[in-house]
Amino acid sequence: MTIYPLVLATLTFGAVFSVLTLSLNLQYARGGMINFGTVAYFAAGAYAYAIFTQEPPSGLDQYWFGFDLPWYIGLLAAGVASLLFALITGWPTLRLRGEYLALTTFAFAEVFHSVLLNERRIGNGSVGLANVERPDPTTLGLNDTVGYALAAVILMLVTAYVFNRLLKSPFGRAIDAVHDDEIAAQAVGKDDARIRLQVFIISAVPIGFAGALYAMITTLVAPALFTAEVTFFVWIALALGGEKTIIGAILGAMALVLFQEIVGAIPFETVRAAQIASSVEEIVTGILFIIVLRLRPWEKLAKRAAA
């Protein structure tokens, strides 16, 4: 096992999923919204980026849309797509609370996944869109691995900074007021429904950017990459790091990605051994999740760092 590629992979994917965890932290820990559809906004950003930068379809392609625009236009489109999807799904669902909201957002995500899987005119169905266009880091003197690791870390830090400033603003105090006591917040003139929708939309935009960056890194968008497993991964990462702390959300995602990268880097002599290891990885992840929910060591570390 080589350390350098492991560190770069952990930084890259850990930073990407930290953005999702930070957004979920804003929605759930601060906004009180249980969103089980995070992967849908991630997929919306990735597909929007791919469609806007993809070449127009040729004779053998089954998708209808490819605008062949520069990567930065695709990146903006990813943020807008995630924002619009959050607006469309958030407006009717945020009237719900607790497990009803969780089930509804999960259902929206599953419907969206089914559309991507079966509707070939949008994203080529189950095959997806391959060879996604992306900027070349070598123009800055960086190789692909280092360049995209740096881009992921920058996106993570910018997201953390923006959310931190937001939570320290008057709007952040309004979010906390609605979360702590909706009736009291309404009594002093706070529109709780509007605030919850604003939080939902604001937190979705970085997820769209993360989806675009993920598409650049993998050069592929396909329904198999955007399953409910991504949503559960982000929830586990948030539980690992602890709620209401920005550093905790980052540490939780990094720790979980590091664990998966270590398991993935172990060489296996047979395909069967690799399949068993994959199953064991999921079991161990579940066990760790239960242990950490009881001990919460990362939350203690995050609170010390924030002090």
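Cβ atoms are placed via backbone N, Cα and C, with glycine included.
According to TrEMBL, the transmembrane segment annotation covers 6-26, 33-51, 71-88, 100-117, 145-163, 199-217, 223-240, 247-268, 274-295.
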Candidate ranges 33-51, 71-88, 100-117, 199-217, 247-268 - greatest C-beta contact count to the transmembrane segment (6-26) (under 8 angstroms):
247-268
Between the transmembrane segment (223-240) and the stretches 33-51, 199-217, 247-268, work out which stretch tops the count of Cβ pairs under 8 Å.
33-51
With the cut-off at Cβ under 8 Å and a gap of six or more residues from its ends, the chain residues touching the transmembrane segment (33-51) are 20, 23-24, 27, 63, 65-67, 71, 74-75, 77-82, 85-86, 89, 94, 98-99, 101-103, 105-109, 112-113, 116, 122-123, 129, 132, 196, 199-200, 204, 207-212, 214-216, 221, 223, 225-231, 234-235
